[in-house]
Amino acid sequence: MYTAIPQSGSPFPGSVQDPGLHVWRVEKLKPVPVAQENQGVFFSGDSYLVLHNGPEEVSHLHLWIGQQSSRDEQGACAVLAVHLNTLLGERPVQHREVQGNESDLFMSYFPRGLKYQEGGVESAFHKTSTGAPAAIKKLYQVKGKKNIRATERALNWDSFNTGDCFILDLGQNIFAWCGGKSNILERNKARDLALAIRDSERQGKAQVEIVTDGEEPAEMIQVLGPKPALKEGNPEEDLTADKANAQAAALYKVSDATGQMNLTKVADSSPFALELLISDDCFVLDNGLCGKIYIWKGRKANEKERQAALQVAEGFISRMQYAPNTQVEILPQGHESPIFKQFFKDWK
């Protein structure tokens, strides 16, 4: 059981503190629980809140936005998310999920996959389409010499080359594959990141295996298919990757000193100095060119800034003209993910 929370005036039941999965559909601007047998079925015209309480009070709160949901419903979902997050002591890491571009973490909650139904809460339509498989399957390329970065790639052998390292994350098994011409810094980074994913995202329960080119285990072959001849690695590409990795991210400070949420760029290339993250403020880490925006919430930031995190992220996506389905991850201080930490110098 999680720490008890006050319930006076809340639209959510006391059971929100219970471990496990909780799903609500936003109906007439209110959260309505989704029965367990219907969890994994989502109406394209609606918005949902999905809360997962894991071990050791690790919580993730997802806002799922249907492709045909109204702005009113999306707004109500965001308001309810703020309320629920506050109710839980601002403990959860928050995620914005858009239909068809859900995160692997979100997909992992639904072992039978997702099903999309046309229409909305009051719709009579029941046409169903199946979402992607639920199991976590992710491939990262680890590349660079100085600004080494892990970037998600397509899950096939075409993404591989002999000059880099790759992390194949299959949930309970995490493989760090090292090309024959990869440099020692990439190999160390791949190992460290695989271990960090195990420890912070799987509570230490996943198996990490370091794989040498040519010694791939059967599980890798089962997921990726028969291994073809791989592209040769080019050491000069590491220097190009250093520059690209540095320029692919920027850091902004969020301030409401003028009564409106304003963003001030504090760094235009990574890796960033860890000292830039100040507990009194909130920050936007822009990795939108790679499909994701992060909001970091300092534990001493004022309440208005913390509660406006999702609104700030959506406004930023619009301002930068990123794709509407750009993923958003909102991280309370102390709950940073390994992928977020890699944008900073010497963050272990």
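These residue numbers are counts, starting from 1, taken along the chain as shown.
Placed from the backbone N, Cα and C atoms, the Cβ positions cover glycine too.
What Swiss-Prot records for Met1 is N-acetylmethionine, and it gives a large-scale study or a structure entry as the kind of evidence.
Per Swiss-Prot, phosphoserine is recorded for Ser337, and the stated evidence type is a large-scale study or a structure entry. Taken residue by residue with DSSP, Ser337 (phosphoserine) is part of neither helix nor strand, so it is coil. Sequence-distant contacts of Ser337 (phosphoserine), defined as residues of its own chain at least six apart whose C-beta falls under 8 angstroms from its C-beta, comprise Val93, Ser200, Glu201, Glu329, Leu331.
Residues belonging to the repeat 'Gelsolin-like 1' (27-75) score a mean pLDDT of 89 in the model. Look at Swiss-Prot and you will find 27-75 tagged as repeat 'Gelsolin-like 1'.
The repeat 'Gelsolin-like 2' feature in Swiss-Prot is assigned to 148-188. Beyond the ends of the repeat 'Gelsolin-like 2' (148-188), by six or more residues, the same chain brings 104, 108, 135-142, 194, 197-198, 202, 205-214, 216-217, 219-220, 223-225, 227-228, 230-235, 237-238, 241-242, 245, 248, 270, 290-291, 339, 342 to within a C-beta distance below 8 angstroms of the stretch.
Feature annotation from Swiss-Prot assigns repeat 'Gelsolin-like 3' to 261-307.
Annotated motif 'Nuclear localization signal' per Swiss-Prot: 137-146, in sequence order, evidence recorded as sequence analysis.
Assigned with DSSP, the residues of the repeat 'Gelsolin-like 1' (27-75) fall into helix, strand and coil as follows: 11 helix, 22 strand, 16 coil. For the motif 'Nuclear localization signal' (137-146), residue counts in helix, strand and coil come to 0 helix, 6 strand, 4 coil, using DSSP.
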